[in-house]
């Protein structure tokens with residue numbers, strides 16, 4: 001096997017960078033320059049309006065498209081794809097709904113009216129929901145997701161799919177719960193439950209009008225529909241003619257079809273079992289582990305945060321206020337991640353996030369070992385309790401600036417395009433199974449009627465964090481700046497995870513003799 005050569009120093013890239021300030025429109029790079037190349041190699045854009053891709057394969061077309069993607073900045077991407085961004089935001093209401101639902105039930109465990117209605121009386125006169133009931137209530141939704149996701153993975157490949165912001169939903173739920181804390185009637189928990197039904201209707205309407213994935217159309221050989229979908233997702237710059245814009249769409253489709261053809265040569269099937277064959281086995285492992293690491297790092301602390309704050313010795317009203325501040329920090333973290341992702345690689349951010357969150361949960365466990373001056377968990381708080389709370393706030397900010405959002409970028413980039421929906425279903429169900437396990441043990445760790453570890457639970461999650469950190473160091477590749485075709489090539493050659501960022505895909509000499517069978521570290 002001939003190794004892939006490191007990325008060469010390309011003076012043309014720097015030359016383009018020097019010319020960029022003279023370009024008044026971002027579309028100059030992605031439209032006019034590409035269309036000039038495409039127009040010289042393609043017979044006619046109208047030829048793409050058939051069921052078969054009869055326009056010729058052109059290395060210059062693919063190269064022009066790839067170069068445009070590599071040189072596009074964040075600002076240019078926003079200007080070029082406002083429609084796609086808008087649709088992503090609208091459809092992401094599903095994640096807002098899910099975030100609201102997932103944080104709602106654990107917060108109820110810290111609400112006095114709910115505990116008095118459904119909990120058991122303790123010797124000290126307080127009420128507590130038993131660990132078994134906490135486990136059952138939290139895991140019910142996760143168990144239901146598993147079957148639904150497997151069905152979705154199959155149905156999506158047959159009829160198409162339009163998929164979905166965790167933190168925003170969690171923040172909304174925290175605001176609602178904090179607003180109801182002074183209500184001692186049954187409506188304090190009935191109203192939060194009822195409010196979650198405001199999400200489905202606007203989501204249903206949005207899905208009816210949302211464009212289908214052009215990748216799905218490509219896999220179904222519906223090239224005219226794929227082009228129409230691309231047209232709906234892209235905005236034609238005023239400085240670009242209709243003919244030039246049409247050629248840009250054709251050039252984009254050329255790259256998509258080439259990627260799909262490559263993946264067909266590597267792996268023809270699109271079933272769940274194909275996710276575990278050849279190079280796709282490695283890609284499935286990475287996608288699944290990226291999501292599982294969100295559990296291993298101790299993110300369950302955030303889900304049970306209000307209850308955790310109470311068990312750490314903070315009064316109920318302060319606990320709900322802290323949860324509200326926590327998810328506000330989470331939203332800030334997501335915004336910070338936008339800037340971080342523009343300047344740092346996915347692997348770098350994931351490893352950094354795991355390291356910091358591991359440090360925070362370890363410090364939480366250490367502080368919990370210091371004797372508390374009170375004997376009742378709802379008594380007057382101390383600076384030590386607030387130090388533990390501050391560490392959880394820092395954990396949330398770090399998590400939502402790194403592990404939280406970066407995970408979604410990675411799980412969409414790691415699978416092959418043909419197996420993406422099924423690979424993500426498998427990965428999400430691995431996350432759900434892991435979530436069920438943690439939701440069984442976490443209430444027992446925190447609940448004084450069970451194991452009663454309280455904040456010492458941080459030691460447990462520090463240990464699992466180390467395991468996840470070790471896996472990421474050896475197995476997590478760097479996909480930043482790569483097209484789907486380039487990622488296919490790197491996986492096919494078995495490039496080691498730690499070497500992804502330093503190799504140039506496309507070196508023909510390094511492809512010969514590989515065969516795409518080796519799986520690198």
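Cβ coordinates come from backbone N, Cα and C, glycine included.
Range with TrEMBL annotation transmembrane segment, chosen from 423-441, 480-498, 499-517, is 423-441. The stretch that TrEMBL tags with transmembrane segment, taken from the ranges 43-64, 131-152, 219-240, is 131-152. The stretch from 286-308, 348-368, 388-411, 453-474 that makes the most Cβ contacts under 8 Å with the transmembrane segment (423-441) is 286-308. Stretch with the largest number of CB pairs closer than 8 A to the transmembrane segment (388-411), among 286-308, 348-368, 453-474: 348-368.
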